Amino acid sequence: MAAAPPPQQHGHPHTSVGLGYFHLRLVGPAPALLLLRSDRLYSLSPSRRRGHRLRLLLDRPRRPHARGLLLSTSDCALRLTHRFYGDGAPSVNGRPLRARTPAELAVGDEVSVLWCGARYGLVVERFVLCGGGGCGAAGGAGSFGEGLVVRAESLRKRLRAISESEDPLSFLRDSSCLGNGGADAGVKELRQGGAGDLCPGNSAHPASDQNLPQDDCNLDQGKLEHHPDVAKGVGADTELCQESKGCGDDNEDQTGCSNGNGKQHHTEGCHSDGSTFFLNRLVGIGSLSDMRVEPHTGVTLPQLLHPVESLVRVFIATFTSDISWFLDYCKIPQHLPVTVACHNKERCWSASSENRMAAPFESHPNLLLVYPRFPEEIAFGKDRKKQGVACHHPKLIVLQREDSMRVVVTSANLVPRQWHLITNTVWWQDFPRRTSLDYAALFSAAEKQKSDFAAQLVSFVASMVNEVPSQAYWINEIAKYDFEGAGGYLIASIPGIHARAPPYLESNYFLSEKHILHTKSAHRMFVGSVQTSVVGISHRFNMPSDAGSQLRALSAFLGKCRVNMHGTTEVILKRSTNIPADSNAVSVLVADLDKFSEEGSVQLGFLPREVAKWVAPLCDSGFFNFSGFIYPREALEAAFGVTNTKVQLLLYVSKGPEFSRISELMCDQHFPPLCSLIASLKQCLGLWQLEEVLSNIKWPETLETDFIYSASSIGTSINPQFIASFASAAGKRPDQDFDSQESDPEWGCWTAKHELKKPSISLLFPTIDRVKKGVCGIHLCRNLLSLPEKTWQRLRPTGIFHDAIPQPYARIGHPMHVKAAQRRFESRPGGHSFGWTYCGSHNFSPAAWGQLLSPPSKANPTEARAAPSGPRLHICNYELGIILISPPPGMSKHASESGHRIDGISLPFVVPPPRYKGSDRPATRLAMREAVAEACVLQSNDVVDLSDDTDEDVPDEDDEQEVELSDCSQQEKEEEKIYAETLWGQVDSSQSQGKD
């Protein structure tokens, strides 16, 4: 819809060059295509009548708008003049323009301006010359020549921008990520098309949402008024309103309403230094103009893998997957080793090791599917058969090459729709190969590393492949690369009920292959700790033969043992190589540590088989030393039969005598036990890792400007307590609270009480109206968005919900699957900005981040345990994300952070987000069901049911239960009892034979 040209006025005559039209693509809250005649003066300014819209004023305004743009098109040249001052001044191709100084624009130039707090863009798409006064056929050859001149001018400006950039190589490399665009492509297209596509002799066709047909240059003024993609002039004051975008079979390629399996054009490779994240490139908005509006954000999956010929191995973790599409789309070589860890409800909950993997593709014999196991402790009733709320939900890609390893953390699953039709975040960084393997970097507690990126990555990978020995080699491969320059911090979540890692304790005795090693430990040698247990206590001390004497001896030792400040005492670990049932068996002994003798000790039990199978070979090789601690009272109660719960054992791990030579001595048989060790070591996870990363900086509360979180799924059990826990972990602190004392354990922490008084976070979720108006309507979001109606009703009074409007504006109408958060600070209005940004797979739910468990009730004394029960974190899902920190000036912890600028991170949604109005309703499950039902009534003959087409089948958390700390006490499993009884039988047999 074009603006009708006004009557010709003095000072703006038709030129001898001929009449033409400039095609300007307006992007922002109201995107539109403008056609400006080449003999007029226009003005663009904000309109307040219908919100933040743009209006097109024809002719010279009587009173120039102080915040408007003047566009002059005389002599077939487009010139821009503005009267902005300060931070809101317009810029062309990223360079600010001086006020009142005309700037000539060429095809391909992008104008950016800040109006009323919103960012608008203007892209010069093309200039169509229609001849001396009309659009006759005689103008054909001239149009072609003029078009080449205009495009050559655009190319000249781009070359100048490259030469004037601070880093031309990075400029060119980043520009290669933009796809099939650029002035050179335009010139090539023009040459191939000849004069035909600019010739005014072709018939007119309606333009689609995304692409204007090449033959629209013949549209005369009457036809322009009826064009569906052009702003239509009504008088001299024209509102530019966003058109509703439809979806149908006839325009599938433009709107992206197909299943996403269509081929997508992509360029070679892409680069990132890890300081920011990008967005995936969507089908339908990858045209030349759209890619200029959306710089450095459109990346495809083949670009990330390019060149596939140099790949050595690939590891992928995803929720849903379409492996056949991935192999074909990315041209994966048939013999490339590819490991894909993915979700399968039945297999992940199965206890059978046979269900841990599958190799279903004969054409790719080295492709293996892995199904990580969910721990029994998070199942309903702790019964694996009943399953529970759990999900393998990370989106990780590790690409190994001989000289580098690329780590990709994204929010997109391995399915075509998520990479082609739905907005997702993509972070990646390349890490160089080391000259020699560095196993110490895999243990964050081994030494103070500049970054724990390697330790977090290897721990997360180990947790997924721990039960698949053939994939344990990934631990060794990761040790070959240097992750010290990581641009962010990994945040991982692993299912389980986790306790905080205990502090370092000095040990006196270590497990050894041939004898018990008596030597003091050193903190610098400490690697980490493992939470395990002692099995076989109930069997040993309930035998009628010598139960009484054994109990008396145990009571005597434990009664006079030295208990440290944490309530534990050291025990002796002994290799029991003489037990035929298990050559890896490890016995647990209690003795007088001051004058230890094996004959004067009492055997308490054994390490569990699953732990002994990796402790023994790592001890025997000399790579690691192991020592153990127990809670004395807990062991006594189990021995006397007061309780039938497991007896905890804290296994401390330190560097062994051969650790310095581990790179030389490590062989294939050591990979599985090393993988199990790394998977078992305590790590900060979920909320606790978020707190660990952000606690090193004291964030100034009074300077906070934004604290936002956008997610495609919001958990059922979200309440002020969880929101407060998340905010506290993110560094949120209350003002001085005079109602509480420093002795209060919650003193200085952000609690539910503070959350109810003043909500801390703005939660972004699309409204149902926004979803309905999407390019494909409700169907693409039905299995993508998840917000239970009762959660919305419970949180509605808090006012924390805000609309999620996609950004850049070319993505409006396309669903978002991003999980992104940012907390931003400003030193002063308009001053230096700093803060942190998260992107990854974590939705806003306790299942993803973890739920802090409530302590057992004091009213029930039977719940009290002999071992102290500190805080626990109940996590249901496998998740992975990345935190990018932009520290306050002068507070950078690492050199890699000093170059981070939070202003350089473009969030995929509009900020600040608009708060829900009274009539707004989020796209809850109920709201979407009602919308689908309404569509069925209105279009009963044309309804397409996509209910079985699942992209993001978010687990239903309606059955999520409140878990108390007392529920964490586990009983000995039947297989552990059988294992311990077998070992005890052979120990007793060997002892009786020795006496004979």
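Positions of Cβ are set from backbone N, Cα and C atoms, glycine also.
Because TrEMBL annotations are produced automatically, they should be read as predictions rather than curated entries.
Looking at 732-766, 942-976, the range annotated in TrEMBL as region 'Disordered' turns out to be 942-976.
Looking at 197-229, 230-262, the stretch flagged in TrEMBL as region 'Disordered' turns out to be 197-229. Counting every protein chain shown, 25 other Cβ atoms lie within 10 Å of the Cβ of LYS819 (substrate binding site). When the Cα atoms are compared, LYS395 (substrate binding site) and HIS817 (active site, proton donor/acceptor) turn out to be 12 Å apart. Counting Cβ atoms from all protein chains shown, SER845 (site 'Interaction with DNA') has 28 others lying within 10 Å of its own Cβ. In this structure the C-alpha atoms belonging to LYS819 (substrate binding site) and SER845 (site 'Interaction with DNA') are separated by 11 Å. For the pair HIS393 (active site, nucleophile) and HIS817 (active site, proton donor/acceptor), the Cα-Cα distance reads 13 Å. All protein chains considered, the CB of HIS393 (active site, nucleophile) has 28 other CB atoms within 10 Å. A straight line from the CA of SER845 (site 'Interaction with DNA') to the CA of HIS817 (active site, proton donor/acceptor) spans 15 Å.
The average pLDDT computed over the domain 'HIRAN' (528-636) stands at 85.
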